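Written below as structure tokens is the structure these notes are about.
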Amino acid sequence: ADTIVAVELDSYPNTDIGDPSYPHIGIDIKSVRSKSTARWNMQTGKVGTAHISYNSVAKRLSAVVSYTGSSSTTVSYDVDLNNVLPEWVRVGLSATTGLYKETNTILSWSFTSKLKTNSIADANSLHFSFNQFSQNPKDLILQGDATTDSDGNLQLTRVSSDGSPQGSSVGRALFYAPVHIWEKSAVVASFDATFTFLIKSPDRDPADGITFFIANTDTSIPSGSGGRLLGLFPDAN
């Protein structure tokens, strides 16, 4: 199985797999059962911003999700990613719909990682920034139902021609270049990721959510990982 570290923007509470009984932000370490969660006042039809950061000195993974003009939601978890992830990883965004549905639209996405070693050269940095997405992106690996549209947006899950969301869809987008996330001689390994998103739903209960994730470089969508498993995990263990 893939090794996954993720921050989930979970719009549908699946209490049978340990979700709280409300939409939430969660930090997932190798399991869909979140290590830490915070209640999320999800606003359908409004553009939101998610910011995820990690610092290996503090060994803390944090996420802040906000909408313009309203209070933000923060969640954090103390974890040493050196002990969880392989040295080289890929970063991505994943989303699913199930019986209930929503659009999982990404408007922009940026990422910066820095690996500071004792040597002078700081060659192990990576930065990318998408303010819009091209029709045939060379620098993204699209998996499942993920596509880019004519408006320059990334649609992680299926939408019909009129833009309405489809159920039972799973899609992921990964940056093509692997990231050197840690090294034994590194003094500090850190990263920051930011994405803006738009979730719209005709349903009273939108589902299932958008996730920022880090995984082994050869990661693929696990069989049966749709819906509540967020396109990341083969089971709910």
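Quick reminder: no glycine exception, Cβ is built from N, Cα and C everywhere.
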Handout entry: Site co-member for Ca(2+) according to Swiss-Prot, given Asp10, Tyr12, Asn14, Asp19, out of Asp192, Asp203, Asp208
Key = Asp208
Problem - Cα-nearest neighbour of Tyr100 (carbohydrate binding site) within the listed binding-site residues, Tyr12, Asn14, His24 - result: Tyr12
Handout entry: Cα-nearest neighbour of His24 (Mn(2+) binding site) within the listed binding-site residues, Tyr12, Asn14, Leu99, Asp208
Key = Tyr12
